[in-house]
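Trainee: The structure that follows is given in the form of structure tokens.
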Amino acid sequence: MSDTDMEEKRRSSDLEKEAAEGLLPKTITKDHLAPDPLARAKMLFWMAINTVATVLIVFCNKAIFSDKSFGQCQAAFAAFHFVVTGATLFMLSRPMFAMFDPKRIGVPQMLPLAIAMAANIVGMNLSLQVSTITFYQITRVLLTPCVAVINFFFYKKYIPRAAAYSLIPMCFGVALISYYDQKPAPVAGEPIKAVGGLSVLLALGSVCISGIYTVWVGTYQRKYEVNGFQLLYNQAPLGAIVLLYAVPWTDKFPALDQAPMNKWMMILLSGFLAAMINVSQFFIIGTAGAVESTVVGHMKTCLIVVIGAFTGGRIITDKAALGIMLALCSIFA
């Protein structure tokens, strides 16, 4: 027997001994393999795209809705987002990209989810229109307790006790900023006004609708055995049609010939960003998992809150700042 054969036999014997002693796993799984550098780079790329696009779209939409004429066509604006997202997904399903295989789901089955999706987007846009960016984003953290409550009462799903305890300071923090968050005074020398009841009502209503939609997405994926891309591929066109039916009764279009060119450019940018957010979010969940997706969501919240606080042109009181810190700290608990 050669020296090489003897060395390999000795190494094999040592590995078997270590495995027997529990020093090595008896079965090698993908968790024990070194991560693929290319796959990790691709995941980090989509995480960066998702973070940047989410931060930009909040400020982009806020600038668009600051024009009252554009703020009165919410349904058409959301329908435009769905059309762009649907077109993007159609391209990604083609053989050139082949990111997913389309799977059709019947219209009657998809209609409730499409309506919830449309209401979710319109609700978020209305909340953003009448709220400060910081208040809007902080109230979005209530989506976690909202989903937990829906799952508990309707699906009998429970969360760990420690996670439930972390929801208490989160809700308290949002309550503080809801009461103390302040906007710029309309006239110099006048007292700064607090967030109005309409802002709070729309924000909470938007969170409730988002919670229902989030729970339904998971239910539909399990029921019809589809991934996020396949589900959104069925949702987006149907959601656009649902919203277009509502446009004649809900929207009031601005004088198109009087709208400045920069507004149209921002609307196009908003549609592009919405498509990037949807595509990247489902890629992150499918590739990295829910934990990494949650981390990305927390990072986006912190960025938007910080940037909104410095660029909003308003004063944040110590009590509102305490509410922000409580809400942000609780999402990492």
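Keep in mind that glycine also has a Cβ here, set from the backbone N, Cα and C atoms.
Unlike curated records, TrEMBL annotations are generated automatically.
Predicted, not measured: the structure shown is a model, and the values here were computed from it.
TrEMBL feature annotations, pasted as is:
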type     : residues : note
TRANSMEM : 43-64    : transmembrane segment
TRANSMEM : 76-93    : transmembrane segment
TRANSMEM : 134-155  : transmembrane segment
TRANSMEM : 162-180  : transmembrane segment
DOMAIN   : 199-332  : domain 'EamA'
TRANSMEM : 200-219  : transmembrane segment
TRANSMEM : 231-247  : transmembrane segment
TRANSMEM : 267-291  : transmembrane segment
Trainee: Residue list, the transmembrane segment (76-93) vs rest of chain: Cβ under 8 Å, 6 or more residues beyond ends.
Mentor: 64, 70, 99-102, 117-118, 121-122, 125, 229, 232-233, 235-237, 239-240, 243-244, 247, 251, 253, 267, 270-272, 274-275, 278-279
Trainee: Same-chain Cβ contacts of the transmembrane segment (200-219) under 8 Å, 6 or more residues past its ends?
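Mentor: Distal contacts: 112-113, 116-117, 119-120, 123-124, 126-127, 130-131, 135-136, 139-140, 142-143, 146-147, 149-151, 154-155, 178, 228, 231.
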